[in-house]
Amino acid sequence: MSGIDPKRFGKVAVLFGGESAEREVSLTSGRLVLQGLRDAGVDAHPFDPAERPLSALKDEGFVRAFNALHGGYGENGQIQGALDFYGIRYTGSGVLGSALGLDKFRTKLVWQQTGVPTPPFETVMRGDDLAARATDIVAKLGLPLFVKPASEGSSVAVLKVKTADALPAALAEAATHDKIVIVEKSIEGGGEYTACIAGDLDLPLIKIVPAGEFYDYHAKYVADDTQYLIPCGLPAEQETELKRIARRAFDVLGCTDWGRADFMLDAAGNAYFLEVNTAPGMTDHSLPPKAARAVGIGYSELVVKVLSLTLND
């Protein structure tokens, strides 16, 4: 265990549920986090902002929150701003890091300006001439492509497009989820990886090998045939360097304390960062518990470690 007296945390709210497209995942994460904290002796209580006003946190004497909300107002800076207003310490990034981290478009703009490698991309706005934009994008980026709403997590509405004819429909589908759509060149040849970040813990990279085309919502939260390779199979020196770049990708967005940075390798071993996640899933399929377990850190110890980061100035 961490050696922290659980009484130091005071009364803790585990925020989960919410109203985003990721509500069901958040409910699962939150229940497990709640149990993990209670197992460690923390005075933790469930709190679903979809069912109760946030003012109840202050009224009921909560001093700290473990944010297990995913997507929407739980991850885009809004809940963080409210918690700041009420003077409640919380896990994860603050307003700026959360807002940028959930916005794939602005994430990529920051990375381009700070030297973090990211796949070439184009943006499409809801209301654009999709057929014309599709033709232009294929000419610029080639195929295959990934189409993503700019501000959804858990691979909600992410589509892999292999033919030019399929692109307009994919754009239309993504535009129902967000007014900005990202179209990204698919990086092929080296596989998908994630770097889990939790304070000063040195967690291993995970190589993700989905049974399907890519690591989509089903592969993340439903399927049991996705492979998670720990160790990831890369040389130690390369893994260390990739973890350093991942931490930089996280830091330049203003993200703090804990999260994930996802990236692809091409056939030559070059990394291209896709996104960060400032409120990672904590289900039994999720990546941070897997990375922690690989270095001997159990679920309860991990959530206490994450919560302990709120004790820092």
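Even glycines carry a Cβ here, placed using N, Cα and C.
Annotation source Swiss-Prot lists ATP binding site at 138-193. In the three-state DSSP classification, V138 (ATP binding site) falls within a helix.
The Mg(2+) 1 binding site feature in Swiss-Prot is assigned to D262, E275. In the shown protein chains, 21 other C-beta atoms lie within 10 A of the C-beta of E275 (Mg(2+) 1 binding site).
Taken from Swiss-Prot, the feature Mg(2+) 2 binding site applies to E275, N277, supported by sequence analysis. Summarising the environment of N277 (Mg(2+) 2 binding site), the number of other Cβ atoms within 10 Å of its Cβ, over all protein chains shown, is 26.
Residues or ranges marked as domain 'ATP-grasp' by Swiss-Prot: 108-308.
Every protein chain shown contributes to the tally, and the Cβ of E173 (ATP binding site) ends up with 14 other Cβ atoms within 10 Å. Among the binding-site residues L145, I180, the residue whose Cβ has the fewest other Cβ atoms within 10 Å is I180. Within 10 Å (C-alpha to C-alpha) of D262 (Mg(2+) 1 binding site) lie the following binding-site residues from V138, L159, A166, E173, I180, N277: N277.
Counting every protein chain shown, the Cβ of V138 (ATP binding site) has 18 other Cβ atoms within 10 Å. Counting every protein chain shown, the Cβ of I187 (ATP binding site) has 22 other Cβ atoms within 10 Å.
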